């Protein structure tokens, strides 16, 4: 019978490394109230061109890569979660991403 020490060490190391890789991913918020905080960013940028309070909106997409953040916000805007009647998708999406110091990939289109 083979010793169990190498097998136990192998399983332990696999569990350890798997835990590290799966704990670092962000997710797109599914709560419409959370994503609705981004509306204030759009309204304040349109009205006051100053320094809008962006922390609530940017913190929602903080753990996401740029492409994931763009897809998340695009899906929210398209689903009318944000409650905006007349929206210009490319401009509003780029405003939200720029305010959060993010960039959509050049080939990305929110259609």
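Heads up, the Cβ atoms here are built off N, Cα and C, so glycines get one too.
On a predicted model such as this, the values are computed, not experimentally measured, just so you know.
For 1-23, the entry in Swiss-Prot reads signal peptide.
The Cβ of residue 58 (disulfide bond) has 99, 100, 101 as same-chain neighbours under 8 Å, each 6 or more residues away in sequence. Sequence annotations record features per position, and here Swiss-Prot assigns disulfide bond to 28-58 (among others) based on sequence analysis.
The feature disulfide bond is assigned by Swiss-Prot to 38-57 (among others). In the three-state DSSP scheme, residue 57 (disulfide bond) is classed as helix.
Positions annotated as disulfide bond by Swiss-Prot: 74-110 (among others). In the three-state DSSP reading, residue 74 (disulfide bond) counts as helix.
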CB contacts for residue 74 (disulfide bond) [other CB atoms within 10 A, all chains]:
21
What is the one among the disulfide-bonded residues 28, 57, 110 whose Cβ has the most other Cβ atoms less than or equal to 10 Å away?
57
Provide, as an integer number of angstrom, the distance between the C-alpha atoms of residue 74 (disulfide bond) and residue 28 (disulfide bond).
11
